[in-house]
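Note sheet for the following structure.
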Amino acid sequence: MKSIVKATTDGIDYGDMVVLYSADKFANEIVLRKGGRFECHSGIFLHSKIIETGFGKKVYSESMRESLYVLKPSSTLHTHCLNHRTQILYSPDISMVLLQCAMKPGSLVIESGTGSGSLSTSIAKTVFPTGHLYTFEFNEERVKAAQKEFEEMGFDQNITVTHRDAIEDGFNLDIAGSDGEKTDLEDKADAVFLDLPSPWKAIGHAYKVLKHNGRICNFSPCIEQVQKVCLELNDLKFSHIRTFECLGKPYVSKNKGYEYLDYSENEGEEVKEVPEKPKKRKRDRKAVQKKEDMKNRNKLLTSEPSFKIKGHTGYLTFATCNKTLGRVEEIVQKDQKQSDK
């Protein structure tokens, strides 16, 4: 199967996953089967015809009236195609998480909760091929659905999905891998991501699995949650605590007028003033003046920020795990107790 991580420039074959995309931003992931057909508002598309078409080209419906683009699967397209079992993170937030947590190939990342798997897919694509994602979800049905999707995309070797309540039980530190051997995650994680109702209750568990200088990220929609998270991070001696809000700032194009300046051919000559028109009656003087002003203005196509900005999806709080500072304080407190005795 040519999954998100295995898709190449080669042709398409049965068993491969492809994305069908239309100009109106409709997208759908399908796995090609012999004799299969994909039906949507654009018509009926045979899987065999998609294979003949190839990536990056238009495949036409049986009626030849409508067409869709055949694209290679990617983590970004998957975000637009997935079934929403929960609210999901989109590209702006996902990009910020990957950047601020310094994820790269070979990183070991822990996530809670899995949800619809939007962020999980991007993390797995980032840490591929030598890294690994351990993701935790308290809802068993979501776990089963996520496991199936990750297998279809070829991430089954890079993602371990665990049915577990991270707030109550923490991050399972003795997970049994495919080979039957248990992996101790304590002090192993390069990054931890939290998307939980009460994330401050899981920060202590995250501290145990993070490396020194490992990064933690919490996603919360409410500022009250952020405040509790920051207080807990501060108590556990996390450093560089920062909260970000990813907002899209759209720009709009407008024709804006500006006054026309009639410069003479002789350099340094003053600008010619537009001669005044005879005054009209008092009652319509303002209207005439406005009309004359518009005649003396040229129009220029400009681009400027729109005042209509959509609300945020949530707040992203980042911090660095400083285990050295915590251990130093433990030693100081221990020495102080001994000296008091």
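Even glycines carry a Cβ here, placed using N, Cα and C.
Automated prediction, rather than curation, is the source of TrEMBL annotations.
The feature S-adenosyl-L-methionine binding site is assigned by TrEMBL to Ser116, Gly117, Ser118, Leu119, Glu137, Asp195. Summarising the annotation, TrEMBL assigns region 'Disordered' to 269-304. Under the heading compositional bias 'Basic and acidic residues', TrEMBL lists 286-296.
Cβ proximity to the S-adenosyl-L-methionine site centre (mean Cβ of Ser116, Gly117, Ser118, Leu119, Glu137, Asp195, cutoff 8 Å) flags the following additional same-chain residues: Thr86, Ile88, Leu89, Glu111, Gly113, Thr114, Gly115, Ser120, Thr135, Ala146. In this structure, the binding-site residues under consideration are Ser116, Ser118, and the one with the smallest number of other Cβ atoms within 10 Å of its Cβ is Ser116. The most densely surrounded of the binding-site residues Glu137, Asp195 is Glu137 (count of other Cβ atoms within 10 A of its Cβ). With the fewest other Cβ atoms inside 10 Å of its Cβ, the least crowded of the binding-site residues Gly117, Leu119 in this structure is Leu119.
When the record's S-adenosyl-L-methionine-binding residues Ser116, Gly117, Ser118, Leu119, Glu137, Asp195 are compared pairwise by CA position, the greatest distance found is 13 Å.
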